[in-house]
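In what follows, a single structure is set out as structure tokens and then discussed.
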Amino acid sequence: MGGNENTGRHAKIELGGTSMSSGDDLEEPSKMMTMKTPTPFALQFNSLTYSINMRKQMKLHSMLFRKDTRVVNTSSNKRVLLNNVSGEAKQGEIFAILGPSGSGKTTMIDALANRISKKSLEGSVTMNGETLNSQSLKMISAYVMQDDLLFPMLTVEETLMFSAEFRLPHSLSKSKKLARVQSVIEELGLLNAAKTIVGDEGHRGISGGERRRVSMGVDIIHDPILLFLDEPTSGLDSSSAFMVAKFLQRIARAGRIVIMSVHQPGSRVVALLDQLIFLSQGETIYYGTPTDLPFFLSDFGIPITENCETTEFMLDLYSELESLPGGTKDIVEFYKSWQKIQNHHSSSEDSNGLDLSLYCGRVNDIGWTSTGSIFVNSFWVEIIVLMKRSLTNSRRTPEIFLMQIAGVVVSGSLLASTFWHPGKTERGIQERLGFYFFMVTAIFFGCTDALAVFLQERYIFMRETAYNAYRRSSYVLYHSIIVVPLLIILSLIFSSLTFSAVSLDGGFSTFAFYFFTIFASFWAANSLVCLISGLVSQIVMGYTLVMTLLGLILLYCGFYMHRNSIPRYWIWFHYISVIKYPFQALILNEFDKPDLCVVDGGAEQTKSCLITGMDIVRKQDATDLSKWSCLWITLAFGVVYRVLFYLALLFGSKNKRK
């Protein structure tokens, strides 16, 4: 279906409403006339089988809140999620995977999209008879998740433009990228919503159907051949679902292979589908066209009743069959014999082989070049685009920034008024030490709000990095750079409010070090919380972990218990307690002065010093490091946490089943 239209797509590439020759400025007209017409793309999959270990993997899936999937028993410890599934998806067509919850739809999408480890997946997935490596598949495909993962305060046009900045090379002019964005907006019918923000629960934005189409637009901006969609019509009303399916048909007819899972499609949606595969507990019970489905059911001996929609009848049928003792075994076996007679599967031997050169070799308006890199843009370009997107999204929610400023102003004012000008007595010294400790503690606990920031972006990050929109290292460095100005502002406000209020001495040099110590504390605290956000996937779990860890850090920092009193088997925790170092730096900054007399004694004529600054330093066991060493160590902790954050993202966000 659509073969003539699709065949011409890669000889003359059409991007939505923009048509351009892939050989502009490279081929002479005579050569273009004789160029061989490429073979239409077809994705074949044969005997796909995927099983999991129930004792290990199913427990892990439950912890990560994956959907429970009903499966076929093969042994006491093994469950099969896919069992010998075969078929073919062709260019210009919509290939739909149907079945009830737990039938294996998402698992099959993941298998075709190379989101399952090759060690676990049996069978083969090929394009025109040739196996695609992971790098090539990521370049020519896109995966649209079931949830609409978008930044709420960006407009539709901005969302697609930033996607274009990531997925199209920097060498491509901004006007051409904008033309590509406009063509996608037209292709998806989003012209009326182009200037509207996406929105979320707290901000009114575009409709649910429009959000789903924007999610598709983000992933087709680089004109992929393969488009995978996990239940794109779920959660939408019948009209919106039909519109989404209609636009998917348009995308397919433009020369792409569209593979989607559908939970309960309406009759109008089914009419737009070209190929169907029905799954039940990971097994194929039907594969063919929607028009052949009534004949299949009739041959099986259960013809469709009058005035009953075909796919609904099929879904109801094998729901009833699953409840019977024999389950769906009879219809599975019947399908195998029926399929041999009907000869639905196309032979991959008829293919002339896979030639991606016309896709991968776009050098002008599309911008693909054979650079050998799996990323389209350079490291620094990715960082700049990430920063632009973050600032654009943030400036529309100034209340968040103002709340952070207000939090520091309130806490700084409370501390300043509570510890207002402590006297030069032993009690005053103790109050000042308590001020230092509580201030550093407040900074670390106050930075826990950073936990929610990454967790809100986590799945956007995973979707974008799964298909090489940008490097994980770029994300971590951008994340580190963009937070520094905010931390400087917060540190300056906090230090200005508290320095003179608690009678800290030493002039500008002491104040400057005081400010840098507060900044280092903010930096280390923010980095620690970012690390934890990279290790967990749930906000509640993250807060539980960060509070427990901060409690241990406080216990062993040296304020509650001197270093010599800590049991030897826990002394290592004292040295990795990040609060120890800014707390000690503040003590040394104030009291580590040879001629400092903190408490005077005796009569006026025989005036003596009862407590010197060095007495306090020794009493607080703060003699092992200088104040500058403490400052650099605090900053270094922040850097180490950022490196660990990167490693957590690198190894913990593969977005691939094992």
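Cβ from N, Cα, C; glycine included.
Unlike curated records, TrEMBL annotations are generated automatically.
Positions annotated as region 'Disordered' by TrEMBL: 1-28.
Per TrEMBL, the feature domain 'ABC transporter' maps to 58-306.
The feature transmembrane segment is assigned by TrEMBL to 366-387 (among others).
A Cβ distance under 8 Å defines the sequence-distant neighbours of the transmembrane segment (399-421), meaning residues of its chain 6+ beyond its ends; these are 431-432, 434-435, 438-439, 442, 446, 449, 486, 489-490, 493-494, 497-498, 501-503. What TrEMBL records for 399-421 (among others) is transmembrane segment.
Counting only same-chain residues 6+ beyond the ends of the transmembrane segment (433-455), those with a CB under 8 A from a CB of the stretch are 404, 407-408, 411, 415, 419, 422, 461, 479, 483, 494, 498, 502, 518, 521-522, 524-526, 528-530, 532-534, 536-539, 542-543, 546-547, 550, 553-554, 559, 578-579, 582-583, 586-587, 590, 616, 620. Among the features that TrEMBL reports, transmembrane segment is placed at 433-455 (among others).
Residues or ranges marked as transmembrane segment in TrEMBL: 476-499 (among others).
If you look up TrEMBL, you'll see 511-536 (among others) marked as transmembrane segment. For the transmembrane segment (511-536), the residues of the chain that approach it from at least six positions outside its boundaries are 439-440, 443-444, 446-448, 450-451, 453-455, 458, 479-480, 483-484, 487-488, 490-492, 494-495, 499, 504, 542, 545-546, 549, 578, 582, 585-586, 589, 627, 630-631, 634-635, 637-639, 641-642, 644-645, 648-649, 652, judged by C-beta separation under 8 angstroms.
Residues 433, 437, 441, 444-445, 448, 451, 528-529, 532, 535-536, 570, 573-574, 577-580, 583-584, 620-622 of the same chain lie 6+ residues outside the transmembrane segment (543-562) yet bring a C-beta within less than 8 angstroms of a C-beta in it. Marked as transmembrane segment by TrEMBL: 543-562 (among others).
Within its own chain, the transmembrane segment (631-652) is flanked in space by residues 461, 465, 472-473, 475-476, 479-480, 513, 516-517, 520-521, 523-524, 526-528, 530-531, 533-535, 578, 581-582, 585, 625, which lie at least six positions past its ends and keep a Cβ under 8 Å from the stretch. Among the features that TrEMBL reports, transmembrane segment is placed at 631-652 (among others).
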